[in-house]
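Everything on this sheet refers to the single structure shown next.
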Amino acid sequence: MRRTMVASVLVAAVAATAGACGGDKSTGETAGGAKEIEVLYRVEPAWPHMEKTLKQAKTQFEAAHKGVTIKLTPVQGTNEVYYTKLALLNRSADSAPDVYLHDTFQVNADVAAGKLAPLDDYLNTWPDWSTQYADSVKQAAKGPDGKIYGVPISTDTRGLWYNKDILTKAGISVPWEPKTWADVLTAARAVKQKVPGVIPFNMYSTKVLGEAATMQGFEMLLYGTPGGTLYDDTQKKWVASSKGITDSLGFVDTIYREGLGPKQADAFDAKLGEKVGLDWFPGGKLAIGLDGAWMSASWTPTSTKPWPQWTEKIGWTPMPTQNGEAPGAVSMSGGWVMAMSSYAKDKKDAFDFISTATNKENTLTYSVSTGDLTPRKDVASDPRYTAANPSVKFWTDLASVTHYRPAYEVYPKVSAEVQKAMEAMVTGSKTPDAAAKEYADALPGVVGGPDKVTTGS
Amino acid sequence: MTVTTVTPPSRPAGSPVLAEEPRRRGGALRRLLPLLPALVLLVIFMAGPILWSLYISFTNETLTGSASVDSRFVGLENFVKLFGDDAFRNSFLLTFVFVIGSAVIGQNTLGLFIALLQRGRGRVVRSVVNGVVIAAWVVPEVVAAACWYSFLSEEGTLNEVLAFLGLSQDWLFTAPMLAVTLANVWRGTAFSMLVYSAALSDVPGDLLEAAAVDGASGWRRFTGVTLPLIRRSILSNLMLITLQTLASFGLIYAMTGGGPGTASQTTPLYMYDQAFRYFEIGYGSAMALVMLVIGALFSLVYLRLIKVET
């Protein structure tokens with residue numbers, strides 16, 4: 001009895017270890033002497049779009065480049081999971097992918113670590129770069145040294161999506177055009193009062209939702225307050241405290257204290273984004289959502305759960321500034337680029353793949369299915385781009401009021417502090433003032449010293 | 001198994017004593033040689049990473065950014081920060097609750113209880129019970145977590161049943177620590193049960209009979225005869241499940257992700273957050289080192305207890 005038990009324990013242990021050690025990988029030259037380029041990207045059941053685009057690009061590339069194979073390596077999971085996986089693979093030249101999809105807010109950190117290859121020499125030989133990309137778009141992946149480290153495949157803006165039927169039922173006239181934060185709260189309160197069983201307002205506000213909470217949530221408020229910012233560009237210091245920060249937290253507090261937001265359990269659900277897109281909006285369970293331009297991707301014919309009626313049921317409007325201060329609306333922008341690893345052995349072919357993946361046809365496929373805004377001029381003017389999605393023009397025009405995150409190396413840690421403060425608003429464990437003070441106290445430790453912070457207006 | 005070198009009982013006076021030495025050394029070498037490949041692998045894949053993490057816990061190493069290629073030695077800075085970190089203290093407390101609740105109390109007593117109940121039962125009963133309990137142990141951690149997630153979630157089985165009583169709620173949100181503790185008890189009890197079944201089968205039946213004849217009650221026989229006899233098994237079992245639970249990550253990560261907020265964020269989860277989400281691998285490793293020391297302390301206490309003779 002004892003011996004068999006010991007044996008079975010051993011077998012289990014060995015099996016577990018063997019499982020953990022799986023995943024052998026090779027890059028560069030394959031056995032036959034043929035070249036291989038590894039491409040890393042993200043995929044989720046509700047987000048197969050990048051995979052579709054890259055498969056299309058792989059076929060085109062391999063037809064034009066005999067002897068070079070593209071190895072597509074997907075990472076299953078959320079953005080947060082993808083960042084982690086990429087950072088780990090990038091630790092060593094042997095495991096780093098040659099080409100990867102990269103969030104622009106991570107570019108600076110990787111440039112500082114020398115993980116990315118500058119693309120300027122290749123871009124100069126690629127006619128599309130000068131003709132199809134606006135100068136503002138080219139900045140997306142510009143390093144501190146002025147070199148370009150990625151070709152943009154998408155950009156985005158943020159604002160309010162709303163369910164027309166629910167707002168009408170609540171007595172709010174449609175099209176809804178809120179001019180101040182108070183207008184937004186008034187509409188949410190009306191929904192709570194007159195349309196029971198519906199969640200009046202959703203904004204991402206917990207740590208588990210990561211950057212979505214900071215960017216779609218907090219920053220959409222902060223950058224709409226007078227002088228509100230996380231980073232003072234002129235002083236080159238982080239803003240530890242300001243009226244804008246306290247007021248923004250106050251808005252989140254109001255949402256949750258008055259029961260205008262989702263239930264706590266949902267607010268803390270890592271899959272909240274999927275719920276909003278696939279369930280709450282199509283199911284008429286949510287009135288207003290502060291979200292990204294890509295929201296409609298959940299409803300397009302290429303989605304896992306198409307909802308063709310959305311164009312009639314759903315409306316969109318800019319997020320207003322706090323008291324309607326000029327320019328009257330606020331938006332935040334980020335985006336993704338195709339970047340090349342500094343470890344890539346065959347940089348010429350790797351760049352050829354990047355330029356194939358971001359050519360007009362592939363960018364169009366990607367933009368139409370994701371609802372992301374396109375960085376390319378020829379795609380933007382293509383009738384298929386706007387025809388597929390009536391909201392695209394609106395989101396593209398928001399670029400005139402948009403802001404960019406201070407995506408420096410320490411930004412992810414600052415973002416984590418913001419999420420902590422927001423979470424205290426969701427649970428009600430602190431007042432906005434107390435949470436703002438805690439943020440101010442924590443900031444010097446995260447950004448590298450008290451001389452790197454300042455007090456805002 | 002004991003390995004001793006037998007010395008000849010009588011040695012002629014004046015013969016060289018040292019002549020024995022080379023042969024003995026050669027013997028040791030011969031025995032070590034077949035172990036060498038395994039030893040090398042262990043050193044590379046076990047000792048290597050441990051030493052590396054030991055080293056980087058004293059540096060400001062990160063996974064991205066300039067510090068990832070240009071890290072420097074910061075001495076005890078990580079540890080000073082660690083002990084002043086509220087989130088770490090919170091995680092530490094939760095880990096303690098989790099280990100005591102799910103391993104020392106939950107798995108241990110339930111395992112012993114099931115093993116005791118099975119004593120002297122028929123073959124069929126034993127195989128059915130064993131099968132059911134071990135099934136929970138055999139399923140992969142993530143699968144177990146997914147089962148519990150759907151059982152406890154808002155529209156899950158438990159709430160469907162409790163709806164009649166009006167008690168339904170989102171358990172993973174209202175009682176996350178209880179949820180993960182229960183799940184871990186459910187999953188880990190099989191191990192303790194197996195250890196105790198084996199130990200109990202070594203308790204001589206005639207001893208218990210003799211005690212019964214002397215008029216000892218069932219409880220008295222258990223505390224007076226059975227427990228002292230299986231004391232060593234209890235302590236080894238406690239040691240194993242404590243260490244296992246101390247490092248438990250997947251189950252909690254998949255069930256609650258450490259949330260809501262930090263309500264179920266045990267140290268392994270906090271460590272993961274710091275090391276792989278905020279890329280502070282140096283700080284995360286410092287935490288791992290502290291956990292290692294605590295695990296070692298636990299084992300030392302258990303080992304001492306095993307050695308103490310009653």
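Every residue gets a Cβ built from N, Cα and C, even glycine.
As annotated by TrEMBL, domain 'ABC transmembrane type-1' applies to B:93-302.
Annotated transmembrane segment per TrEMBL: B:32-55 (among others), in sequence order.
Outside the transmembrane segment (B:92-116) by six or more residues, the chain places 129, 133, 177, 180-182, 184-185, 188-197, 199-200, 222, 234, 237-238, 241-242, 244-246, 248, 252, 264-268 with a CB less than 8 A from a CB of the stretch. Summarising the annotation, TrEMBL assigns transmembrane segment to B:92-116 (among others).
The feature transmembrane segment is assigned by TrEMBL to B:128-151 (among others). Within the same chain, residues 114, 118, 121, 157-158, 172, 179, 182-183, 186-191, 193-194, 250-251, 253-255 sit at least 6 positions outside the transmembrane segment (B:128-151) and bring their C-beta atoms closer than 8 Å to a C-beta of that stretch.
Residues or ranges marked as transmembrane segment in TrEMBL: B:171-187 (among others).
Per TrEMBL, the feature transmembrane segment maps to B:238-261 (among others).
If you look up TrEMBL, you'll see B:281-303 (among others) marked as transmembrane segment.
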Interface-richest range of B:32-55, B:171-187, B:238-261 toward the transmembrane segment (B:281-303), CB pairs under 8 Å: B:238-261
